[in-house]
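A.B. asks: The structure under discussion is supplied below as structure tokens; questions concerning it will follow.
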Amino acid sequence: MKLFGNGSERADDPDAKDEGTLAEQGYKQELRRDWSLIHNFGVSFSIISVITGITTLFEYGLTTGGPGVMSIGWIVVSFFTIYFWAAMLSPNNELAAFFSWTTGWVNFVGQFAVTTGITFGCANLIATLATVKSTFVPTPGKILGIHAALLISQGLFNTFGVHILRYLNNSSITFHSLGVFAFATAIVAKAPTHQSAKFVFATFYDGTGTPGWATTASPAYVACIGILMSQYTITGFDASAHLSEETRNASWSAPLGVLTSIICSSVFGFFLILCLLFSIQDFDSTIASTVGQPVLQILLDIFSEDGAIVLFTLVIICVWHCGLFSMTSNSRMMFAFSRDHGIPRWFHYVDARFHAPVRTIWLAAALAFILALPSLGSSVAFAAATSIATIALYVSYGLPILIGLIWHKNFKKGPFNLGVFSRPVALVACLWIGFISIIFCLPNVDPVTSQTLNYTPVAVGIVAVWTFGSWYLFARKYFTGPIRQIQAEEAGVDIDEPGALERAEIEGKIDRM
């Protein structure tokens, strides 16, 4: 082993460099660092999972704007989707803590909301498939039960199978790339007839109710709320950052994991949408499908029942993998947030045997189940859950971008950055996030009733009241943002004691962030 004269770690040892970078931020290595770039990419690619978002919201897309909004909307959303990760960009310590608290809590909600959307969507797909060649009748209670069973299975794999997650990651990449490509190709190749390019790119359809929002409001309104399918699908790529502590050469691998997962998903997603839209045999019967799932109806129209079941099972497997790794990402984010006292420190726990943050894994599962409970009494619960997830995640992405845009001189760039394009891109990103945060709170079914109410603004409002209210009532008295874990422990500070870090900073025992 070749060492420097002062006995420091090898300069070419990526693990030592990663641990050093983590130490510079005040943290010690707690999770096993054995994920490569391809594994890091694979998690984000699996969570974005174009087959998940497109399949589960395909009916929403067809009835809220139609094929034209789905195809062109995907291009627009892919263009505007951008990610920018930062931790401490504000000009002083007080604002740093406030923005860390706000960003953390908004992302916290977005994390379990997106898992709700994914796994509840998977439950719906399973329930729908069960109606083919059987007398099974889906009910809200049955679907919720399937949702709970899926969450338990994903929680068990995350708890006891942490060592095989990498192998499941590899299989997930295969399913989401080669599997989805084969799925889409088979559909378009076997379809007896194909729709025209005009149908795919220029057909507008308003199925939002009676008389419909295109009449009550305007076609532009329908087109705007119709991009939910595209925007919801391209979320979750922050998983690459949440898993950076477990990734080798993280300063490069994590941002590359984000970027490549978005690019690959945008291309794969557009290809899948085109194949599905071009292969619709009868638009009206697809929307009014007796099985209640337009993608399954397309398969039934093209293949035999057995063939449709096999292909739809492939979709369900992909969606299950997506939910599995979404929970993985959830647990890592919640683990890190508890380490910084954002949520109770009891959740800052790594099981010594399985090397997994077990408590936050089951916290994520429990919250994902609770958020699905309104489905028992609301017909638009799934769309609302996806809206909540999309808004919360993108606002949590947007806050660091906005901070970096305003206080750009405080920003310390990593080896992977956009250079002179950073601020113009940040401005566009903030404007887009502000736009989607408004439109996804708007009602999507006309007329608005107790059954069709979009409760997204209510949920977002509760999160906002809790975040700001808790900060001013008590959190500002002890929450200091990302903690100097190593320095605090060396100074004999009990980081589990509320207010201990703040007192240590005042007394000069540890540096202010």
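Even glycines carry a Cβ here, placed using N, Cα and C.
Please treat TrEMBL annotations as automatic predictions, because they have not gone through curation.
What TrEMBL records for this protein is below:
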type	residues	note
TRANSMEM	37-57	transmembrane segment
TRANSMEM	69-88	transmembrane segment
TRANSMEM	108-132	transmembrane segment
TRANSMEM	144-165	transmembrane segment
TRANSMEM	171-189	transmembrane segment
TRANSMEM	256-280	transmembrane segment
TRANSMEM	308-327	transmembrane segment
TRANSMEM	361-385	transmembrane segment
TRANSMEM	391-408	transmembrane segment
TRANSMEM	420-440	transmembrane segment
TRANSMEM	452-474	transmembrane segment
A.B. asks: Using a threshold of three or more Cβ pairs below 8 Å, and leaving out pairs closer than 6 in sequence, do the transmembrane segment (108-132) and the transmembrane segment (391-408) count as in contact?
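C.D. replies: They are in contact.
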A.B. asks: Looking at the stretches 37-57, 108-132, 308-327, 420-440, which one shares the most CB pairs under 8 Å with the transmembrane segment (361-385)?
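C.D. replies: Comparing 37-57, 108-132, 308-327, 420-440 against the transmembrane segment (361-385), the winner is 108-132.
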A.B. asks: Where else in the chain does the transmembrane segment (171-189) make close Cβ contacts, counting only residues six or more beyond its ends and a cut-off under 8 Å?
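C.D. replies: Distant contacts of the transmembrane segment (171-189): 38, 41-42, 45-46, 49-51, 264, 268, 271-272, 275-276, 278-279, 298-299, 302, 311, 314-315, 317-318, 321-322, 324-325.
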A.B. asks: Relative to the transmembrane segment (308-327), which of 37-57, 108-132, 144-165, 256-280, 420-440 accounts for the most Cβ pairs at distances under 8 Å?
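C.D. replies: Answer is 108-132, with the largest number of Cβ pairs below 8 Å.
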A.B. asks: Is the transmembrane segment (144-165) packed against any residues at least 6 beyond its ends, judged by a Cβ distance under 8 Å, and which are they?
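C.D. replies: Residues packing against the transmembrane segment (144-165) from afar: 115, 119-120, 122-123, 126-127, 320, 323-325, 327-328, 331, 351, 354-356, 358, 361-362, 364-365, 368-369, 372-373, 375-376.
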A.B. asks: Given the transmembrane segment (108-132), which of the listed stretches 37-57, 256-280, 420-440 has the most Cβ pairs that are under 8 Å apart from it?
C.D. replies: 37-57
